[in-house]
Amino acid sequence: AAPRKKLRVPKRKGPHRQHLSRRTRLSLFVLASSLCLCLCRAEDSAMENIVTEKKAEESHRQDSADLLVFILLLTLTILTIWLFKHRRCRFLHETGLAMIYGLLVGVVLRYAIHVPSDMNNVTLSCNVNASPATLLVNVSGKFYEYTLKGEISGSEINDIQDNEMLRKVTFDPEVFFNILLPPIIFHAGYSLKRRHFFRNLGSILAYAFVGTVVSCFIIGLFMYGCVLLMKQIGHLGGDFFFTDCLFFGAIVSATDPVTVLAIFNELQVDADLYALLFGESVLNDAVALVLSSSIVAYQPEGDNTHTFEAMAMLKSFGVFLGVFSGSFALGVATGVVTALISFTFTKLRELPLLETALFFLMSWSTFLLAEACGFTGVVAVLFCGMTQAHYTFNNLSPESQDRTKQLFELLNFLAENFIFSYMGLTLFTFHNHVFNPIFIVGAFLAVFLGRAANIYPLSFLNKITSNFQHMMMFAGLRGAMTFALSIRDTATYARQMMFSTTLLVVFFTVWICGGGTTPMLSCQKIRSIGPDGVEMRSTKQESAWLFRIWYNFDHNYLKPILTHSGPPLTATLPACCGPLARCLTSPQAYENEGQLKDSDSDLILNDGDISLAYGDITVSTDATGAHTSGTPVGGVAVNSDEALDRELAFSDHELVIRGTRLVLPMDDSEHPLPLDSHRHKNETMS
C-alpha cells in the first residue's frame with residue numbers, strides 16, 4: 001500500500017492576523033466611544049434636570065415671596081384701618097391706604113431691588129413677520145417651548161432679570177375678572193338694602209343707564225378733541241381712533257364710591273342718598289362693562305373699520321341689549337335654581353357646612369357660566385346676588401345665613417383692598433406706561449363734565465334736592481371696575497395710554513374726593529341720623545303702582561313656591577287650584593303660617609301708609625313718622641313707640657317684619673291722618 005501523504009494546512013501569515021486584530025480593536029473602540037457618548041449624554045441630561053429643578057425651585061420661592069408681599073400689604077392696611085377707626089380719622093379710607101402702601105412697595109421693587117444678571121441668557125436674532133404666542137426652539141435635536149411675555153425696548157435688554165422680577169408681581173388680567181371681581185359684585189347684590197333701592201328705583205335706573213351712556217359720549221367726544229389736538233402738535237405716538245375715545249369714556253364712567261359709602265354707613269347719613277349712590281354704582285358698573293363690550297364689537301364693513309356706519313351702530317346697540325338682558329336672565333335663573341335646590345333638599349339644612357358650600361359654588365359659577373356663554377359675568381352675578389338674597393336666603397338655616405353674609409363680606413373686603421394695593425403697585429411695576437400731559441388733563445376735565453352731565457339734568461327731572469345733587473356729583477369716585485376694565489387689554493398704544501391715565505384718575509378721586517366726603521357733608525348741610533336714631537320722612541313715590549303689583553304677585557305666588565316663607569298657596573290660589581296648591585306648598589309653609597318671616601318688607605315704596613299686624617298689636621305709620629297702636633286682645637295697651645321700634649332695624653334702616661301681615665293701600669292719593677288725630681284716635685280706643 002502506498003504510504004499516505006500528510007495534508008499540510010498552510011499557516012496564516014502575520015498580515016492576516018494583524019488585519020483581524022485591527023477590526024477587533026476598531027469594534028472595541030466604537031463600542032467604548034458609544035458608551036462614553038451615552039454616559040456623557042446621561043450626565044448632560046442629569047445636569048439639565050438639576051438646573052431645571054433649581055430654576056423651578058427658585059421660581060416657586062419667588063412666587064411665594066411675591067404673594068407674601070401682598071399679604072403683608074393687606075395686613076398692614078388692616079392694622080392701619082384699626083388705628084384710624086380708633087382715632088376716628090375719616091380723611092382717608094382703607095382703599096386709599098392700600099393704594100399708598102402699594103405705591104411704596106412698587107417704588108422699592110422698581111428702584112431699590114436689582115437681581116444679578118444670568119449668564120445663561122442668550123439673545124438671538126431672527127426675522128419673523130409676527131410675534132407668535134408660542135415658540136418652539138430646536139437645540140441639538142431637542143425641542144423647547146417658549147411663551148411670549150411681552151415686548152421690551154432695546155434699552156431694557158440688559159435688565160432682563162429686573163424685568164422678570166417685576167413681571168412676577170404683575171398678575172394676569174383674567175385673575176381680576178374671574179377671581180377678584182365676582183365676590184365684590186355678588187356682595188353688592190347680596191347686601192343690597194332693597195327697601196330704599198326699590199323706593200328710588202326710577203332715579204337709580206336713570207343714573208345707571210341714561211346717565212352712564214350720556215357720560216360715555218360726553219367723555220368720548222371731549223377726549224377725541226384732545227386726541228386731534230395732540231395729533232396737530234405732534235404729541236401722539238400711535239393710532240388713537242374715535243372708538244378708542246368712546247371705550248375710554250365707557251370704562252371711566254364706572255363709579256365705585258366705596259370710600260364715600262363707608263363714611264355714609266359710619267355716620268348713618270340719609271338712607272335715600274345712600275341708596276341712590278350705592279344703587280347707581282352697582283348698576284352702572286354692569287352698564288359700563290356691557291357698553292365697553294358693545295363699543296369693541298362696533299365693526300363697520302369695508303377697509304376702514306373706524307368710520308361711522310348706522311348699521312354697525314345699530315348692531316352694537318343690539319349687542320348691548322342682548323348681552324345685558326341675557327346676563328340678567330342667566331343671573332336670575334341661577335338664583336332661582338339655587339333657591340329650588342335649597343327648597344327641595346330640606347335635609348341639607350341639617351348640614352350647614354355643605355349648605356354654605358353649595359351656596360358659594362352656585363353663586364360663583366354664575367359668573368363663570370355667563371362668561372363662558374358669551375354674556376357678562378358682572379351683570380349675571382349681580383342679579384344672582386339680589387335673587388339669592390330675596391329667595392334662597394329664606395331657605396337657609398340660621399347658621400348658613402350668618403355664614404354666607406360673613407363669607408362674602410370677608411371676600412369683598414380682601415378682594416377690594418387687594419385690587420387697590422395692586423393699583424399702587426402697577427404704577428411703578430407696569431412697563432408700558434404712556435403718560436401724556438394733554439391727555440391726562442383732558443381726561444380729568446372730561447370726567448368732571450361727564451359726571452355733571454349725568455347727575456344734574458337727571459336729578460332735575462327726578463326732583464332730587466340740590467344738596468343731594470352736589471354730593472352725588474362729588475362722590476363719583478372711580479375704583480376697582482374702572483381699573484379692571486383698563487388693565488384687561490394693554491396691547492396697543494391707545495390702551496396703554498388709557499391705562500396709565502385711568503390709574504391717575506382713580507388715585508385722585510379716591511384720595512381727594514374720598515377724603516373730602518366729611519367736609520362736603522358739612523358744607524351741603526346733609527345731617528346724620530346717628531347710630532341710635534331713625535329718620536322717618538316722606539319721599540316721592542316712584543312707580544309705586546308697578547311695584548305694588550310686583551309685591552303682591554311675588555308675596556302670594558313666587559315666595560311660597562321658591563321658599564318656605566310667605567302664605568301657603570292654598571290660601572292665595574283659587575279653590576279650583578286646590579290640588580296643585582297642596583302639591584306645590586311645602587309642609588314648612590303650613591308650620592310657618594302663623595309666624596312668617598317676611599323679608600320683603602324692604603320692597604315697600606313709601607314709609608307712609610303702612611299697617612302692620614304684629615301678633616295682637618296693630619301698628620300704623622304715616623309719611624311724617626307718626627304711628628298708632630291698636631289694643632291687644634288681652635286689653636293691655638302697648639306703647640306704639642315700643643311696638644314700632646321692634647320693627648325698625650336701626651343699623652340699616654330696613655323694616656323687618658316677623659310674624660306680621662302687611663297691608664298696602666292701593667290709592668296713593670289718600671293721605672294719612674295727622675299726628676294729633678292718630679293720638680286722639682288711640683286715646684279713644686284705649
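Positions of Cβ are set from backbone N, Cα and C atoms, glycine also.
Owing to the predicted nature of the structure, the values given are computational and were not obtained by experimental measurement.
For reference, TrEMBL has these:
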REGION    1-20  region 'Disordered'
SIGNAL    1-42  signal peptide
TRANSMEM  66-84  transmembrane segment
DOMAIN    77-522  domain 'Cation/H+ exchanger transmembrane'
TRANSMEM  96-113  transmembrane segment
TRANSMEM  175-192  transmembrane segment
TRANSMEM  204-225  transmembrane segment
TRANSMEM  240-264  transmembrane segment
TRANSMEM  318-345  transmembrane segment
TRANSMEM  357-390  transmembrane segment
TRANSMEM  437-456  transmembrane segment
TRANSMEM  468-487  transmembrane segment
TRANSMEM  499-521  transmembrane segment
REGION    667-686  region 'Disordered'
COMPBIAS  668-677  compositional bias 'Basic and acidic residues'
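When each of 175-192, 204-225, 499-521 is checked for Cβ pairs under 8 Å to the transmembrane segment (468-487), 499-521 comes out on top. Non-local neighbours of the transmembrane segment (204-225) in the same chain are 197, 242, 245-250, 252-254, 275-276, 279-280, 282-284, 286-288, 291, 439, 442-443, 445-447, 449-451, 453-455, 458, 461-462; each lies 6+ residues outside the stretch with a CB under 8 Å from one of its CB atoms. Proximity of the transmembrane segment (357-390) to the transmembrane segment (437-456) is not established, fewer than 3 Cβ-Cβ distances being under 8 Å for residue pairs spaced 6 or more apart. The highest tally of CB pairs under 8 A with the transmembrane segment (240-264), across 66-84, 175-192, 499-521, is held by 499-521.
Count of Cβ pairs under 8 Å against the transmembrane segment (499-521): among 66-84, 96-113, 175-192, 318-345, the largest is for 96-113.
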